[in-house]
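Per Swiss-Prot, these features apply:
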- 29-49: transmembrane segment (TRANSMEM)
- 64-84: transmembrane segment (TRANSMEM)
- D152: active site (ACT_SITE)
- D443: active site (ACT_SITE)
- 526-546: transmembrane segment (TRANSMEM)
- 553-573: transmembrane segment (TRANSMEM)
- 644-664: transmembrane segment (TRANSMEM)
- 680-700: transmembrane segment (TRANSMEM)
- 709-729: transmembrane segment (TRANSMEM)
Amino acid sequence: MVNKDDRIRPVHEADGEPLFETRRRTGRVIAYRFFSASVFVCICLIWFYRIGEIGDNRTVLDRLIWFVMFIVEIWFGLYWVVTQSSRWNPVWRFPFSDRLSRRYGSDLPRLDVFVCTADPVIEPPLLVVNTVLSVTALDYPPEKLAVYLSDDGGSELTFYALTEAAEFAKTWVPFCKKFNVEPTSPAAYLSSKANCLDSAAEEVAKLYREMAARIETAARLGRIPEEARVKYGDGFSQWDADATRRNHGTILQVLVDGREGNTIAIPTLVYLSREKRPQHHHNFKAGAMNALLRVSSKITCGKIILNLDCDMYANNSKSTRDALCILLDEKEGKEIAFVQFPQCFDNVTRNDLYGSMMRVGIDVEFLGLDGNGGPLYIGTGCFHRRDVICGRKYGEEEEEEESERIHENLEPEMIKALASCTYEENTQWGKEMGVKYGCPVEDVITGLTIQCRGWKSAYLNPEKQAFLGVAPTNLHQMLVQQRRWSEGDFQIMLSKYSPVWYGKGKISLGLILGYCCYCLWAPSSLPVLIYSVLTSLCLFKGIPLFPKVSSSWFIPFGYVTVAATAYSLAEFLWCGGTFRGWWNEQRMWLYRRTSSFLFGFMDTIKKLLGVSESAFVITAKVAEEEAAERYKEEVMEFGVESPMFLVLGTLGMLNLFCFAAAVARLVSGDGGDLKTMGMQFVITGVLVVINWPLYKGMLLRQDKGKMPMSVTVKSVVLALSACTCLAFL
């Protein structure tokens with residue numbers, strides 16, 4: 001274990017240069033503030049218009065519709081104000097890793113990396129070990145680095161894959177160090193260099209292919225090679241004959257011990273599958289993280305912890321030193337609890353078909369959150385101080401390191417007890433210690449409580465992305481993922497940890513509003529749904545909802561629409577996107593709010609009423625071959641029956657029928673007045689155009705990725721029924 005003199009001391013203490021710099025771009029921010037002020041003035045004018053016109057020569061139905069539109073536009077305006085908090089004070093962090101090297105040399109703090117997986121089918125073992133191998137080769141002293149794999153599936157196959165990775169690491173890590181390999185994931189590196197490998201790389205590639213073949217063969221056959229069971233008998237013997245993924249004891253195996261005093265020049269590598277029993281709630285990923293915190297404290301006890309999802313491989317091995325520049329800075333770093341990197345992906349199509357990158361979020365909004373006190377903790381790509389995530393408040397003295405109080409030869413059974421399903425009973429784990437329980441987005445609520453204890457966080461988004469993962473490759477996966485996020489964020493809003501009252505007086509108003517941007521995703525579904533439906537139905541019925549184009553009151557409506565759209569496009573292009581990418585982003589904005597967020601809202605309400613419980617849904621990391629080809633060609637994938645698809649299909653067909661009826665009326669000259677209904681034509685027309693991939697999937701395509709016929713029929717019937725009923729009102 002760590003000796004008492006193994007403290008982090010600067011090699012050159014007289015060197016007072018900061019390890020990072022924080023910069024602001026005041027000119028651009030001031031210009032944006034003027035722009036946002038002009039938009040807000042027009043929003044207020046829209047409200048005044050709605051109030052002033054609500055009683056003018058209207059039927060009861062007209063007044064009701066007008067009032068609903070007014071309420072919805074109040075929500076849009078107030079939510080827009082909330083979103084400005086993440087744009088008014090952006091900051092950029094610039095680490096100086098060369099200064100870190102001069103000041104500390106190799107005397108860096110111990111770093112424990114937590115990689116979490118839960119299902120060997122959805123998260124293939126070969127993908128998992130590529131992530132593990134990528135972090136074993138980080139630009140960091142190997143004796144100070146430990147990698148822990150938490151396998152919540154309790155899979156022998158995953159353990160076998162890790163044993164293979166441990167053997168391959170003996171070749172891979174020295175190779176990476178010698179040739180400065182980037183990225184350090186074998187699969188990513190070898191695929192990027194497939195046509196230009198030298199002899200050394202060819203030998204490594206051969207060993208990797210052999211390892212991959214053994215792992216994939218074991219996965220396909222569903223059994224572990226007998227020689228592996230013999231070689232790693234201590235590990236495999238920990239599985240009971242009747243063990244299942246939901247019912248098994250703690251399995252702990254140190255596959256590589258790379259601590260000081262050992263001859264192996266690769267990091268420590270540990271496998272952990274915590275105990276699970278049907279009668280005990282396991283608290284999903286949060287429970288796995290807390291088990292890792294306790295177990296690692298008795299093995300390596302790194303002062304810094306990096307946690308990664310099993311698909312997020314290290315793309316930039318220098319990112320670790322960049323994070324330490326923030327955390328070890330003698331002046332400003334002492335108030336930073338965690339450093340968050342963005343969640344980026346290596347399988348996103350050129351035009352980001354499903355809006356997975358969330359470009360504006362990582363390149364704009366998180367910079368603004370950083371300026372207000374720090375970004376959210378998003379559950380992956382984050383460097384934590386161990387004592388802070390375990391409960392230390394800002395200003396409290398740092399406790400003696402756990403590793404200084406424990407013995408080298410602590411019995412494995414004593415360590416395994418820390419991962420038992422009963423260990424946390426009558427303790428503060430999941431409450432005041434570790435990752436919080438009781439919420440589908442345990443990461444966000446954990447980061448919020450850390451910041452409310454007086455700490456700040458920092459955001460780093462280097463030019464070379466630090467970590468890359470696997471984005472959803474079909475629409476259903478994306479919607480399910482967003483449903484869980486929106487549900488969890490809304491649960492936070494309604495809980496005792498709501499940033500509005502829990503954060504009051506503890507974090508800045510700007511950061512409170514920044515959290516509210518995400519916590520209000522779910523309820524924002526209702527105004528969007530109402531607005532899109534009412535606009536189309538009133539166009540169908542010939543009821544005007546907006547001022548005439550010739551009226552001066554049209555100006556604020558037109559300005560807000562054009563200005564917001566133009567700025568959104570410019571912002572997206574500035575973030576490195578394409579026009580088609582922006583258009584795809586707008587489509588996903590609509591789909592998320594009318595399906596994922598809507599169901600997230602309903603799930604939260606049902607949970608509050610005691611009707612249902614939250615569930616943690618794992619996003620699949622692989623796709624079948626035909627679906628993968630369609631994804632590469634940017635063809636939208638439906639393929640499964642889903643209530644969310646039924647909502648999207650019904651709304652899409654409703655927009656189409658209403659627009660077609662209005663155009664027919666306009667062409668025939670029977671009550672179609674563009675001057676009166678112009679804005680409704682534009683809004684409904686845009687909805688029809690943006691839904692073109694949906695219509696293709698429902699009506700034109702014949703491949704397996706099309707919309708299921710049952711969903712199409714139900715959608716058409718529901719949309720026609722709505723139009724028919726409205727026609728007789």
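Note that Cβ sites are derived from N, Cα and C of the backbone, with glycine treated the same way.
Quick caveat, the model's predicted, so the values are computed rather than measured.
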D443 (active site): tally of other CB atoms within 10 A of its CB: 23
D443 (active site) versus D152 (active site) - Cα distance in angstrom: 17
Best-contacting stretch, by C-beta pairs under 8 Å, relative to the transmembrane segment (29-49) and drawn from 553-573, 644-664, 709-729: 553-573
Cβ-Cβ neighbours of D152 (active site) (radius 10 Å): 24
